[in-house]
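J.: When I checked TrEMBL for this same protein, it listed these features:
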type	residues	note
DOMAIN	78-220	domain 'Multidrug resistance protein MdtA-like barrel-sandwich hybrid'
COILED	126-177	coiled coil
DOMAIN	229-297	domain 'CusB-like beta-barrel'
DOMAIN	306-370	domain 'YknX-like C-terminal permuted SH3-like'
Amino acid sequence: MTIDIPRGRTLARASLAAVLAAGLAACGGGEGGATAEAAGDTTKAGPEIVLSPADLAPAGTTQLQGGVALTGSLEPFRVVQVKSQVPGVVAGLSVDRGSAVQQGQVLARIEAQGIQSQAGGAAAQVAGAQAALAQANRQLESAKTLYDAGAMSEISYRAAETQVQAARAQVAAARAASAGASEQAGRTRVVSPLTGRVSERVVQSGEAVNVGQVLLTVVDSRALELRGQVPVEQAAAVRQGQPVEFTLNSQPGRTIRGTVSRVDPVADAATRQVGVTLSLPNADGALIGGLFATGRVLTGTTTEAVAVPTAAVRTAGTESFVWVVRNSRAERRVVTLGDRDDARGMVAVAQGLAAGEQVIVAPGEMEAGARIVVRAANNTAPAGGGR
């Protein structure tokens, strides 16, 4: 139901409202008036955002060295699986995981009786063939004496020569068979293919093995490799021979230096990443395979610049910006970026930011003009009051 209010009453009510408003304005110098004014300012300035001191970082002048970040696991430069070359039973296994070995050192033996007997039989056949050759040579000498004296026909003499040639062929065949048997017998000795350490032992003494079965793994850790990937946009800056610097999670504070040994010629079609292999010297053996490393390929020169944490930078299209705390308010600031130091997580700001200004690290949802309050240890204070 709609009720029409006469015009005169409407004006009377409006006049009453004006009088009340004037009265409230006259009392505006009191506490209530100040509260209303403050409330009006808060609404105008936007919401209040509470941060911890760790959420802020000053833009500072520092030395930056351009580079491409890489992470990965260290792996030995050479890894060889030692396999059985003959069927048999493992015997005389003299090493275990971690054992230091030299190239050519006997690590174990494979007992293979059939192979050993074959080698012995082949050696006997060589001896028999040599004896037959000696007998044929003596018969040829006798035949020649008779032939020269006219007491033997030429056919008989030529037959004696043929016997010598056949005996010589038998010796050659026996020697070849003996060499093969000896080589096969030699394969019953399991030797280390390189100088290094045993990283894995798969079998035990007394265990039966087949041809091609893995017995041990030996690694050469005097040099290590790290295989990582870089985005295609950064791959052009990475070249063979460039220096690299790495740190290990297990050894904080230690810097490892090496070089780029290989750069893959093509990118992975699925990930749009380019494989990069790094070579790290380890002559003292202090590093071991499997350690996780974080570092960078040094691709640029060291420069002094105003820099902020990389996590503070946000992008919108082709525009980069940071959130600056100025007079305790959030201010969106467009910046021009320079070199990146991925190892330190810093990026240079060429334009748009002055040294000393406070930026918000890893900002979430932010609104320009929002009041910034820093809260730490039950203490709350406005941020950026000096700016």
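Cβ coordinates come from backbone N, Cα and C, glycine included.
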J.: List the helix, strand and coil residue totals of the domain 'Multidrug resistance protein MdtA-like barrel-sandwich hybrid' (78-220) as derived from DSSP.
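T.: DSSP composition of the domain 'Multidrug resistance protein MdtA-like barrel-sandwich hybrid' (78-220): 69 helix, 36 strand, 38 coil.
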J.: Taking every residue in the domain 'Multidrug resistance protein MdtA-like barrel-sandwich hybrid' (78-220), what is their average pLDDT?
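T.: Across the residues of the domain 'Multidrug resistance protein MdtA-like barrel-sandwich hybrid' (78-220) the model's pLDDT averages 86 on the 0 to 100 scale.
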J.: With helix taken as DSSP H, G or I, strand as E or B and everything else coil, how many residues of the domain 'CusB-like beta-barrel' (229-297) land in each class?
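T.: Within the domain 'CusB-like beta-barrel' (229-297) the tally stands at 4 helix, 41 strand, 24 coil.
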J.: Run through the domain 'YknX-like C-terminal permuted SH3-like' (306-370) and tell me, per DSSP, how many residues are helix, strand and coil.
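T.: Tallying H, G and I as helix, E and B as strand, the rest coil: 3 helix, 37 strand, 25 coil.
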